[in-house]
Amino acid sequence: GQGCSYGCHPKNISISVESCGITEFILTTICEGQCYLEDPVYISHDEQKICNGDWSYEVKHIEGCPVGVTYPVARNCECTACNTGNTYCGRLPGYVPSCPSF
């Protein structure tokens with residue numbers, strides 16, 4: 001059921017960016033988590049929900065380099081319908097428990 005405590009939420013992560021041959025790490029925000037989905041035994045056309053959000057892009061200027069680096073930032077996160085135009089909406093291979101323990 002919906003008893004899982006792992007919902008969709010923003011998470012701060014560090015990513016590497018490169019410009020002018022210089023690499024730096026910056027902090028950004030991504031969407032992370034699981035969305036409730038009943039997986040019936042029969043094939044149906046239920047709308048699959050994924051953890052996604054509103055994204056914007058920011059620019060980081062590395063010292064000594066005139067070329068800025070654009071990187072994504074999640075502004076908010078929620079369980080939304082899976083968009084096959086920009087996301088893999090198929091099943092994950094293998095066994096994925098509905099409420100994994102991390």
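Quick reminder: no glycine exception, Cβ is built from N, Cα and C everywhere.
Quick look at what Swiss-Prot lists:
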type	residues	note
DISULFID	C8-C51	disulfide bond
CARBOHYD	N12	N-linked glycosylation site
DISULFID	C20-C65	disulfide bond
DISULFID	C31-C77	disulfide bond
DISULFID	C35-C79	disulfide bond
DISULFID	C82-C89	disulfide bond
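Positions of Swiss-Prot features highlighted on the structure.
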| residue | record | DSSP (3 states) |
| --- | --- | --- |
| N12 | N-linked glycosylation site | strand |
| C20 | disulfide bond | coil |
| C31 | disulfide bond | strand |
| C51 | disulfide bond | strand |
| C65 | disulfide bond | coil |
| C77 | disulfide bond | strand |
| C82 | disulfide bond | coil |
| C89 | disulfide bond | coil |
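Cα to Cα, C65 (disulfide bond) and C31 (disulfide bond) are separated by 30 Å. Near C77 (disulfide bond), with the C-alpha within 10 Å of its C-alpha, lie none of the recorded positions N12, C20, C35. Taking CA atoms as the reference points, C35 (disulfide bond) and the residue listed as 'N-linked glycosylation site' are 19 Å apart. The most crowded of the disulfide-bonded residues listed here (C65, C77, C82, C89) is C77, judged by how many other CB atoms sit within 10 Å of its own CB. Each of the disulfide-bonded residues C20, C35 was assessed for Cβ neighbours inside 10 Å, and the highest tally belongs to C35.
In sequence order, L27, T28, T29 make up the list of same-chain residues 6 or more apart from N12 (N-linked glycosylation site) whose Cβ falls under 8 Å from its Cβ. Sequence-distant neighbours of C31 (disulfide bond): residues of the same chain at least 6 apart with a C-beta under 8 Å from its C-beta are C8, H9, P10, K11, C51, N52, G53, A74, C77.
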